[in-house]
Protein chains: 2
Amino acid sequence: METYTGIPEELKFLVLKRIKPTEPEREKLLVIQEELASQVKAAAKKLDVPGVLVKMVGSAARGTWLSGTHDIDIFISFPEETSRKELETLGIAVARDVAKHAEHVEDRHAEHPYLNITYKGFDVDLVPCFRVASASQIKSAVDRTPFHNDFVKPRIKGHEDEVLLLKQFMRGGGVYGSELKTQGFSGYLTEILIIYYGSFENTVCAACTWKPGEKIDIMHHSEIEHEEPLVVVDPTDPRRNVAAALSLDKFCMFIDHCREFLKTPELSFFFPASLLPLGDTEILEKLESRKSTQLAIVFKTPDVVEDILFPQLYKMEQAVAALLKEYDFTVIKTGVWSGKTETAVMLELISGVLPNVKKHVGPPVWVKVHAEKFKEKYQVAAGVFGGYIENGKYIFEIRRKYPMAKGLLEDRLMTCSLGKQVQQSVSEGFKIIENAGICRLKDPDFRIYLRKWM
Amino acid sequence: METYTGIPEELKFLVLKRIKPTEPEREKLLVIQEELASQVKAAAKKLDVPGVLVKMVGSAARGTWLSGTHDIDIFISFPEETSRKELETLGIAVARDVAKHAEHVEDRHAEHPYLNITYKGFDVDLVPCFRVASASQIKSAVDRTPFHNDFVKPRIKGHEDEVLLLKQFMRGGGVYGSELKTQGFSGYLTEILIIYYGSFENTVCAACTWKPGEKIDIMHHSEIEHEEPLVVVDPTDPRRNVAAALSLDKFCMFIDHCREFLKTPELSFFFPASLLPLGDTEILEKLESRKSTQLAIVFKTPDVVEDILFPQLYKMEQAVAALLKEYDFTVIKTGVWSGKTETAVMLELISGVLPNVKKHVGPPVWVKVHAEKFKEKYQVAAGVFGGYIENGKYIFEIRRKYPMAKGLLEDRLMTCSLGKQVQQSVSEGFKIIENAGICRLKDPDFRIYLRKWM
C-alpha cells in the first residue's frame, strides 16, 4: 500500500498530546479492570456458577480509548451449551453481585439483559455472553465482541496512536459513533480501517476517493452482497458488514472532512471550535435575512434510550415532510433536536402560507364518465372559485383546506405514522412554534443546534 | 346515421328567429353581390385583363351566414397559367378599380395581396386567385376556397338552418372562429360537420363522445396522418385537415358545451348572458378571497393584425411562465388580453415573493472533480447562508437573486424569446402591475376579461 506523507508530525503530536491516555491514566484503568475481573470470578464462585470466564473487551482492552473517556466492557462468558434462560438469570446474578460495589447500577437490555454500573468513576458494562467456537456461530449479537477483540488486539499493537488520531478526527467531523442517532463510524470500524490502510494518513488519503459501494475485505471471505455505501466485511464473520450502520450522508461527510483536511491540515479538524448558543437577537436577524418560514414541532422528550428514540424521530421528520408536501407546502429542509425535557422536529419551508385558491386538475374531458363525475362534484362544491379547461383537462379552482402549514400540522400531525413512544408523547400534547416564536425555546443545547440549523 | 331528438323545436325556432337573415336582408345582400360582380367584370374589361371570372364564395354565397354579419367574399379568378407576379399586379389593379366606389379601402396580405373594402356597409374581401383544375393542385391557399364553395353549396341546400344553429351554438361556447386568436371551428368546418352528421342535433350528440384523434373523412380519400385532436379530411383535398387550426382546449370546450347543452337545452348556450366589467371593489374582494398573487405585464398594443399578434402573445405567455418557473415561482395560470391601446399578459402565482434563501443542490460528494469545483465556488460566494450534505449531495443555501416575481420580470423580461412586433413594443416600455394595482387598468373590455379570469 502506498504511504502518504503530508500531515505534519507536529500536528499529530499535538493531537495525541490531548487524546492519548497518560501513563497514570492507563495504570488506573488496568487496576480497575483487574479489580472487576476478580470480582466477577469471585461472584461466580460464590454463586456456584461453573465454567464462567472473564473477557476484557472494547477499546479499553485494546489500548485504543481516547483519554477522558472512562468506558470499560467486561464480558461474562458462559459455555456454549448454556441455555439462553440460564445465561440471562445466572449472568445477571453474577453481574448484580459485582454491582454491590458500584456507585450506580442500571438494568439495560440489548438482545438480552446486562448491567451498566458506575464503578470508581468508570462507566462499566457487565455483559453475559456465550462462548461460541467462531463469530459466525454466535447465539447473540454480543457474542461477536470477544472475537473482534481477538482479531484486533494482536494486529493493532504498535498502531494504537493511529486509531486514536482517526477516532478524534472523525469526532471532529461529527461522524464518530455507530449509535442510531449518529449513524457514523464505530470504534471497531476505525480499528479495521487502520489495520487495512496501515495508518491514519493512508486512511484519510484513501477516503478522499471513496465512492458508494467501496468494499474492504481483509480476509477475502465475503459471502453476501451489501447495499450500504461502505462495505467492510467483518474479519470474524464473512456475512457481516461492520459499516452497516453508516449512513450515506455520514459516509460523504467523512469523505468531505478528509479532503478539506488534506488541503489545510489543521488542529481544528480534530477539535472544532465549540459553537455558542444562538441568542434571541441573532435568531431574529437570521429569520429576517432568510425570509423563509421556520416551524418547530415541540413535545415532551419520550423516556427511552436514544437508540429507540432517534429512529422514531427520523421517521417522524420524514412523515411530517411528506404531509406538508401532500398539501403543497415546499420543504427546504428538516431536522431533529432532542433535549432532556423537550424534543423538536424542525422544518424550514419556502412559505408557511399558501393562497386560498388551489388548482385542482381533473381527468381529460374525453374520458367521459370520469370527467363528468369530476365536474359534477366540483362545480357545486362549496367555495369553488371557478373552472376551466387546460391541456384538455378539467381544472377547478377550489378552496384550499389548509392555507397555513401551522394549521395543517395542528390538525393532522396525529394522522402521521409515528413510532410508538413518539406517538405516545405527541398524543399527550405538542406545540407548533413558528418563526420568532422559536425564541421561546431557551435550552442552550437547542440554541447550539439552531446555530448549525440557521 | 342514428337521428337524435330531444332538443325542443321551439328552442331551435327561437334561436333561428334571432340569427337567420330576413328576406329583405337576403335580397339586399344579393343585390350588393351582383353590383360588385359587375364592377369586377367591368374593371377587368376596362383594364384589358383577359380571362377573369368572378366567384362569389363564403357563407354569403352559400346562404349560411348569420344575420347581422355583413361579410362578402369575392374571388377574382385568373387562368392557371398566369404568373404569380401578374396575378398580384393585375388582380390588385382590378380590385383597386372596384374599390373606387368603396367607403373605405385597406391593403391586406395573406399569401398574396388582396383588398378589404367597406361597400355600402358590407365588409368585402376582393381576393385575386388562380383557377386550378383541382384543390390538390392549388398555387396559393386562397385558390382552395372556390372548391370548398363547389363542394358545400349543392350539399348544404335545405340544411342551412342547421349550419346557422351550429355556428351560433359554437359562438355561445366561445369556440367559433378559426383565426389564430380563437383557434376554434371555421365556418367551412361547421358546414362539413352538418353534411356529415346530417343535422345540428346529430353533431352535438356525436361530439359528446369525441376523443382526440376523432376522424371524419367524407370522401374516404385521406392520404396522410394528422396529429391534431380533430381530423376532418378536406373533401376537396385528401392531404388537408379542415380542423387543423382547432386547439385541444377548444376541441374539449366544444365537447363540454355539447354535453351540458344536452343535459339542459336552453337558449343561454347560444346566447350567453353578457358579462359585466369587474369593478374596483370586486377586484379587491376577489384578491382578498383568493390570496394568490396577480401580475399583469402591460405594454402598448402592437399595430398588427390579430393573426400575427396573438401567436406572439401566446408565445410570450409561455416564455414568461417558463422564466418564472426557472426562478422557482409557481404559476397557477396564465392569460392574454389585448385591447385597442394596451395589451396585458396575465399571470396568477402561488406567491410573488420567495424567501431570500435558496437551496442549491450540487453533485454527489463522490464525483470528486465536479463536487470539489461546486464546493469551491459556493463556499466563498457572497451571501451564502450555509452548506451541508443531503442524500450524498452537496447543498448550499445561497442567496436568491430574484425573491420578487415583479423584480425578476422587470429585469429579465427582455431576455425572453418574443415575437418580432411584441418584442418591439415591449422594448419601448412595459409595466409590471401587481394585485390591487390592476385597478389602474380601466378598459371595460379588460374588466370583462378579468371577470372570467378571477
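Cβ coordinates are placed from backbone N, Cα and C, and glycine is handled just like the others.
TrEMBL: automatically predicted annotations, no manual curation.
Model, not experiment: these values are computed from the prediction.
Among the candidates A:D125, A:D143, A:D150, A:D161, the residue that TrEMBL annotates alongside A:D71, A:D73 as binding Mg(2+) is A:D125. Confidence annotation: the domain 'CCA-adding enzyme C-terminal' (A:292-434) carries a mean pLDDT of 96 in the model. When the domain 'CCA-adding enzyme C-terminal' (A:292-434) is classified with DSSP, helix, strand and coil residues number 52 helix, 50 strand, 41 coil.
Cα of A:H148 (CTP binding site) to Cα of A:D73 (Mg(2+) binding site): a distance of 13 Å. Counting every protein chain shown, the number of other Cβ atoms lying within 10 Å of the Cβ of A:H148 (CTP binding site) is 23. Of all the binding-site residues in the list A:S59, A:R62, A:K167, A:Y176, the shortest Cα-Cα distance to A:D73 (Mg(2+) binding site) is found for A:S59.
The secondary structure of A:K167 (CTP binding site), as reduced to three states from DSSP, is helical.
Ranking the binding-site residues A:R62, A:K167 by how many other Cβ atoms lie within 10 angstroms of each Cβ puts A:R62 at the bottom.
Between the alpha carbons (Cα) of A:S59 (CTP binding site) and A:D71 (Mg(2+) binding site) lies a span of roughly 8 Å.
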